[in-house]
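Chemist: Residues or ranges marked as domain 'TRNA-binding' in TrEMBL: 41-154. Sequence annotations record features per position, and here TrEMBL assigns domain 'B5' to 408-483. Per TrEMBL, the feature Mg(2+) binding site maps to D461, D467, E470, E471. Among the features that TrEMBL reports, domain 'FDX-ACB' is placed at 704-797.
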Amino acid sequence: MLVSMNWLRDYVDISEEMDVKEIVEKFTMSGSKVETYKVLGEDIEGVVIGRIVDIKKHPSADKLLICLVDVKDELLQIITGATNVFVGAYVPVAKIGATLPNGIKIRKQKLRGEESFGMLCSAEELGIDEQYVSGESRGGIYILPELPLGMDAKAALGLDDVVIDFELTHNRSDCMSMVGMAREAVAVFDSQLRPPVIEVKEVDEAAAAYADVEIIADDLCSRYVARIVKNIKIGPSPMWMQQRLIKSGVRPINNIVDVTNYVMLELGQPLHAFDLEKVRGRKIIVRRAKKGETIETIDHRLRELDDSMLVIADAERPVAIAGVMGGLDTEITDDTKMILIESANFNGSSVRQTSRKLGLRSEASSRFERGIDPNLAMDAVNRAAQLIQEIGAGEVLKGTIDVYKKAVEPWNIAVRPQRINQLLGTELTAEYMISLLEKLGLKCAIKDGIIDVTVPTYRQDLKMEADIAEEIARLHGYDNIAESLLDRSTTRVGLKTYEQKLEDMTRDVMGACGLNEVITYSFVSPKVFDNILLTAEDPRRNAIVIANPLGEEYSVMRTTMLPSMLDVLSMNMNRQIEKAGAYEIGRVYLPKALPLKELPVEVRMLSIGMYGDGVDFYDIKGIVETYFNLCNIRAQFRAANDPTFHPGRSAEIFINGQKVGIIGEVHPDVAEIYHLNKRVYLGEINLNMVFKEANMAKTYRPLPKFPAVTRDLAIIVSDEVPVAEIEEVIHRSGGELVERVTLFDVYRGDPVPAGHKSVAFSIVFRSRERTLVDQEVNEVFDKIVEELNREFGARLR
């Protein structure tokens with residue numbers, strides 16, 4: 001936010017004798033961070049306003065002109081190569097001895113035999129960016145409106161000023177205006193606010209007879225105020241207005257557009273002016289766009305809209321994208337005779353999403369995104385009407401058109417002084433706190449030791465007691481809060497909880513397995529549920545909607561971490577990373593009911609993702625098994641039937657009969673949606689459930705004293721029999737003598753019958769008490785084969 005100190009002083013007294021560094025420091029220490037500041041015109045001296053009274057060609061140079069310039073006290077002969085000069089033009093004149101930015105000093109010169117007693121200046125030579133000046137001045141001499149001859153150009157052009165660039169936090173939408181910053185200055189410099197006096201002189205002709213306003217999408221537009229002005233005279237805006245716009249980074253266009261931009265900068269309410277004679281049916285309708293509807297915006301680009309976008313329409317078509325940009329068909333032109341001024345309050349989330357979708361950002365959209373006080377709309381439209389009337393650009397019709405279904409009222413916050421002092425580590429009195437808050441325009445009353453704070457509607461960032469504590473802290477001065485040691489009675493030595501230790505161990509295991517940790521957003525798009533092919537009935541579709549999202553892609557809270565991991569893997573694959581493995585420990589948010597009436601259940605989850613040559617299902621299964629072994633957990637794997645995963649190449653994970661997760665290969669359709677051209681393997685595990693079963697206690701056992709016996713077992717079973725169930729039967733049948741079971745081969749094809757598969761295991765037998773003999777091993781081995789035959793109809797291969 002660029003703030004001209006000269007303009008700011010219109011609304012609040014700040015001594016001109018105060019050094020700019022002191023001003024900047026006071027603002028910064030009060031919480032209004034200053035990014036930088038610029039002292040305008042500090043290198044300019046000896047430049048005055050002049051008027052060209054005569055022009056003739058240079059006798060010895062075709063491209064030079066000899067100008068006779070009146071600077072009040074003398075006539076100066078000045079030679080220029082600019083082609084935009086003309087007799088009667090008012091121009092900035094650097095007299096002999098004058099200095100310009102970059103250390104340029106003006107001296108008398110002789111050009112091709114003719115003397116030049118000064119220089120006519122361009123805007124750029126005075127430190128003014130040419131993008132902000134009118135077309136006739138670009139690339140040439142700065143052509144000015146009529147100004148007093150001989151006047152110091154710094155004063156005439158507003159260059160005797162300081163412009164401060166404030167870095168405003170997103171929640172301080174009220175500071176996106178000169179009056180908003182003046183409110184801050186009142187508190188910082190202990191002054192009084194002088195808001196602009198708004199008085200509209202109207203003609204005796206009713207505005208309501210010329211237009212009608214209807215809000216259909218009232219969830220996206222809470223208020224719409226319109227003013228009508230007739231007998232419009234298009235022309236340049238006054239020099240003082242142009243100067244203020246330029247110093248605020250806004251290019252002057254014409255008097256009507258400049259007034260709307262001026263009021264936006266002054267009060268913080270974006271405005272838009274329509275050529276009312278081009279509004280069909282003289283009707284303004286605030287509605288959602290129809291899918292596929294188009295509008296050509298004032299930047300001459302045709303934009304396709306969708307039904308999530310809010311538009312301002314007339315009786316037949318959209319005429320503006322609400323809060324973002326106006327349409328070309330109804331823009332102000334030199335032929336405009338009657339205008340409708342819009343001052344509305346649009347939903348910030350809607351404006352942000354539309355702006356992002358269209359790749360179109362404006363000064364208006366940046367303000368709407370932050371949230372604007374709906375009670376500001378009337379003052380803003382009246383201020384615009386007042387300025388148009390005062391500069392002679394039109395006549396204001398009587399009355400306004402105001403659609404405001406549910407008025408927003410100030411709200412109250414109960415503040416406990418004792419609690420404020422606890423939060424801040426101070427010993428401030430309630431009376432002192434009230435004095436600070438009242439400087440900000442907050443009304444306060446104290447009863448029974450509680451301060452009742454009435455918050456004006458423009459302070460939308462103040463919602464709770466802690467917010468008030470922050471206001472008190474910054475006005476009291478953070479540097480005035482004395483350092484103190486923490487009270488021992490309220491502190492204790494920090495120790496990690498059991499869950500935190502398990503989480504650390506989880507990270508250690510995942511890293512040791514070659515996976516990289518990633519962190520993704522907890523906010524996702526509602527489209528991700530379609531992307532991973534969840535059914536309509538899947539409870540994971542019941543996601544919590546964010547009240548004020550950054551955009552549609554961050555509009556709901558995730559109920560599964562799989563889409564986020566798929567995004568990570570897709571990004572890496574598309575950047576030609578041949579092999580990747582990642583994990584994330586995060587939370588998913590499961591509502592107990594929608595709409596949300598109580599806090600959701602937050603579940604800590606582990607997600608795993610990997611791809612690359614040589615990576616298969618057993619790699620991710622091995623990582624999970626390693627992890628469970630270190631948690632001293634015996635997990636079972638059963639065939640999964642999840643739409644996100646490849647059928648037959650995925651498994652659900654169970655602990656003591658409870659499902660805790662899933663691993664497997666990504667379904668080909670999901671892979672296609674995420675532009676994955678290799679096989680990708682994912683896993684998601686509920687860490688809350690795992691941590692309940694985990695046992696971190698270390699059990700030490702001596703190394704085996706007796707040798708192991710290894711036997712291979714190859715059997716033929718139906719394709720439908722999961723390998724995990726076969727392993728479970730082997731362990732159960734073999735009892736304590738079975739130390740380890742490892743699958744090493746799966747085969748389909750001749751001579752194995754169709755619909756069947758051959759699976760081969762390596763079984764390690766060992767006793768901790770004696771050396772096993774062949775007869776013992778054979779008996780156990782035969783029992784395993786018998787049980788496999790009974791359970792699955794398995795036969796030896």
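Including glycine, each Cβ sits where the backbone N, Cα and C put it.
Structural setting of the listed features?
Modeler: A mean pLDDT of 92 is what the model gives for the domain 'TRNA-binding' (41-154).
A sphere of 10 angstroms centred on the C-beta of E471 (Mg(2+) binding site) encloses 22 other C-beta atoms.
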Chemist: Going by DSSP, give the three-state secondary structure for D461 (Mg(2+) binding site).
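Modeler: DSSP assigns D461 (Mg(2+) binding site) to coil.
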Chemist: Residues near the Mg(2+) site, D461, D467, E470, E471 excluded, by Cβ within 8 Å of the Cβ center?
Modeler: L462, A466, I468, A469
Chemist: What same-chain residues, at least 6 away in sequence, bring their CB to under 8 Å of the CB of E470 (Mg(2+) binding site)?
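Modeler: Listed in sequence order, they are G31.
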Chemist: In the three-state scheme derived from DSSP, which category covers D467 (Mg(2+) binding site)?
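Modeler: The residue in question, D467 (Mg(2+) binding site), is helix (DSSP, three-state).
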Chemist: Using a 10 Å radius around its CB, how many other CB atoms surround D461 (Mg(2+) binding site)?
Modeler: 18
Chemist: Take the Cβ of D467 (Mg(2+) binding site) and count every other Cβ within 10 Å, whichever protein chain it belongs to.
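Modeler: Its Cβ has 16 other Cβ atoms within 10 Å.
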Chemist: In the domain 'TRNA-binding' (41-154), how many residues does DSSP call helix, how many strand, and how many coil?
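Modeler: Summed by class, the stretch gives 14 helix, 53 strand, 47 coil.
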